[in-house]
Amino acid sequence: MKFVYTPSEAAEEGVRGPSDLPKLIDKAMSLARAPVSTFKVGAVGLTSSGEVFLGVNVEFPNLPLHHTIHAEQFLVTNLALNSMKKLTHIAVSVTGTIFGAPCGHCRQFYQEMRNAPEIEILIKRPKDGIDEFMSLKSLMPERFGPDSILPEDASLLLEQRDNSLVLSDPEEICSDPEDCSHTKCRALAAANKSYAPYSKCPSGVALICGGEVYKGWYIESVAYNPSLGPVEAALVDFVARGGGKEFNEITEVVLVEMKDVKVSQEATARTFLDKIAPKCDFKVLHCYKTNKN
């Protein structure tokens, strides 16, 4: 199970440029988890530095549909988790032969990237003789994006950020939380990368399964509803690196967020985890923002 390809690994799969992205779509679709719709969606994306990333839809039975992770959301979250800076091209399919534009939800989600209007999307319908790339700008010409609200120099999605958060409880935190195996350290590190410029309520999650730590952070949309929660983001990491493990094998989850804020993840995270990982130990740790920045 592979969700990230270096340029040389992509070339071995026959992907040497944007027009070759469909060569990996079957692999992407095979990794989707779609027990509700049974429609396995795959997304293949190319970065400005030549890496190729896969995205898949992930659905959760017995939960509201808004918990669903769209393949395009998975793809961008996968980029963020791997510190990629720029997505340039994307191909999305549910059939392996017909490629279409992202849904409106994902078109809006993608607006958080600085180069969103220039992202090229493969449109391919063999029966109609259509095989071309279209810019996201052409698919969403009158966009509502970060520039409608945020200052011009604001850090956007996939750009470096540090929310300057520390835990409220003065427990010892490892000097390099990115490399340690403590869930509280990894969850705090995730929260510090959280993209929440509108609510200013960053949060992060770390979870453990089989001794491995997975993490993710809240990714906000200017349109609010397309935002991706921190548990969902951590599950992107889990699906991408977990080797096919099931959600009910997760044993521990830690959420780090600020206390008494307008946007809290605790209640929805608890409901979510009660369904997908009922035996996990769920903890919430509060943090606060320092005056570092």
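Our numbering is plain: 1 for the first residue shown, then up by one each step along the chain.
Cβ atoms here come from the backbone N, Cα and C positions, even for glycine.
Fair warning: this is a prediction, and the values are worked out from it, not measured in the lab.
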For the Zn(2+) site that Swiss-Prot lists with Cys103, Cys106, give the additional residue from the candidates His67, His70.
His70
For a three-state summary based on DSSP, what are the helix, strand and coil counts in the domain 'CMP/dCMP-type deaminase 2' (178-293)?
37 helix, 32 strand, 47 coil
Other residues near the Zn(2+) site, CB within 8 A of the CB centroid of His70, Cys103, Cys106?
Ala71, Glu72, Gln73, Pro102, Gly104, His105, Arg107, Phe109
Near Val58 (substrate binding site), how many other Cβ atoms are within 10 Å of its Cβ?
24
If you count Cβ atoms within 10 Å of each one, which of the binding-site residues Cys103, Cys106 comes out on top?
Cys106
